Amino acid sequence: MINNSNLLDSEKIKYVHFIGIGGSSMSGLAEILLSQGYKVSGSDIKSSKATQKLENLGAGVSIGHSAENVTDPDLVVYTVAVKEDNPEMVRSRQLNVPVIDRAELLGLIMKRYSFGIAVSGTHGKTTTTSMITTIMLEAGTDPTAHIGGELDSIGGNTRIGNSEYFITEACEYYGSFLKFFPFMAVILNVEVDHVDYFRDLQHIKDTFRQFISLVPPDGFIIACADDENVLSVINGKNCNIITYGLKNPEAMWTAKNISYNDLGCASFDVYKHGEKLGSVALSVPGPHNVSNALSAVAACYTCGCGMESIVTGLMRFGGSHKRFELKGLVDGIKVIDDYAHHPSEVKATLNAAANTVHKKIWCVFQPHTYTRTKAFIDQFSQAFTNADNIIVTDIYAAREKDPGDIHASMLAEKISQQGGNAVYMCDFQEIAHYLDKNAQPGDLILTMGAGDIVRCGEMFLNIRANK
């Protein structure tokens, strides 16, 4: 059996098959392997832009899962959504083909680059990874990047470069990032989340400690000094630790003279060890993005990027898809969609919305998973203070089954008990018509969640467009 840590360097691995090749991460990894000369095939339950792109690049893609799709590959890659009874998984086991999960392949790809940058944290990973990628492109470092969301400037979620820089998100769920090989680890924040896997905060902190232990002694950790949990995690780590923060006076990198324009986007001065290095004007809204940007500044400056490239890159970064993404403007009403699905993310996104010029904020929230909704119902109920009107729709189950002891209407009631103007509605079309009847020029409609809530805002836009 081949040693997994050197799988991709083995001469025996020339043909890789992906079970679930259309997923956002899987399709990007398949694209990287194609660029490195591997033969690639895969299957998915439906055709998509991602599968069509891979076919155009030379991959063999099958729609539907079948044992016949596994035609003697050297390596099989699967996602956590794929179960052992999947016919392609069964066939792979029968053939004694090495089988690894998506995170392990991502780690093996990262290992091939001498400067792997892994962006971790409970929130902000996609935005910060995108910021770093945009800056490094501006600086001409030609990185390879693998992002959790789509970035328009690279035409998707993956970019193939020709340098030693590899930039990716590092997700803590199921300990995925413990399979990575980072030379630089960015830690944005550490909070309780993914309660279907993590027992408690201590379990999460221990997992992050394991993650940063993967950084070599000559490597770097970029850490948020405003987050007590982050400081606890990095305590005692033997490598180059670089801190940033907006509140902690001991942070190496800080932002001062922060101001916001009518769109809620910040301008600020960047300081390192008390010395002003430049001024930044962001094109994405919210105080949380000042912190995200500061982490990107610290990371890119450490990589050798000049302040001019950093300033220009951040100014040009207009956001990732589903991160405060403007979906449309009709009759003076803005419709924005955001991925927020954790109480801290909801609060930060509504804070960003509150910093924009608007009359009323209509927030349509789709809770994500039963376990998260039940575990954080009290925190969620206090996260909507910046919304004038809140519509809570049914919980998006994702990978879970309904346990019968938590319902979206319970969250709407809790929000109302905290003084919020909240209602429960289950039907997207009903919500869209309700918004059409009640939203006024100057109002902002914000759809939030990690499921399919974006469709609700799109329905509203269609109703108004057809009037």
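Cβ atoms are placed via backbone N, Cα and C, with glycine included.
According to TrEMBL, the protein has these features:
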- 16-113: domain 'Mur ligase N-terminal catalytic' (DOMAIN)
- 119-300: domain 'Mur ligase central' (DOMAIN)
- GLY121, THR122, HIS123, GLY124, LYS125, THR126, THR127: ATP binding site (BINDING)
- 323-451: domain 'Mur ligase C-terminal' (DOMAIN)
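Projection of TrEMBL feature records onto the structure.
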{"residue": "GLY121", "record": "ATP binding site", "contacts (Cβ under 8 Å, 6+ apart)": "THR128, VAL186, ILE187, LEU188, ASN189, VAL190, CYS224"}
{"residue": "THR122", "record": "ATP binding site", "contacts (Cβ under 8 Å, 6+ apart)": "GLU172, LEU188, ASN189, VAL190, GLU191, VAL192, ASP193, HIS342, SER344"}
{"residue": "HIS123", "record": "ATP binding site", "contacts (Cβ under 8 Å, 6+ apart)": "LEU188, ASN189, GLU191, HIS288, HIS342, SER344, GLU345, ALA348"}
{"residue": "GLY124", "record": "ATP binding site", "contacts (Cβ under 8 Å, 6+ apart)": "LEU188, ASN189, HIS288, SER291, ASN292"}
{"residue": "LYS125", "record": "ATP binding site", "contacts (Cβ under 8 Å, 6+ apart)": "VAL119, GLY148, GLU169, ALA170, CYS171, LEU188"}
{"residue": "THR126", "record": "ATP binding site", "contacts (Cβ under 8 Å, 6+ apart)": "ILE147, GLY148, GLY149, GLU169, SER320, ARG323, TYR339"}
{"residue": "THR127", "record": "ATP binding site", "contacts (Cβ under 8 Å, 6+ apart)": "VAL284, ASN289, ASN292, GLY319, SER320, ARG323"}
GLY121, THR122, HIS123, GLY124, LYS125, THR126, THR127 excluded, remaining Cβ within 8 Å of their centroid (ATP): VAL119, THR128, GLU169, LEU188, ASN189, ASN292
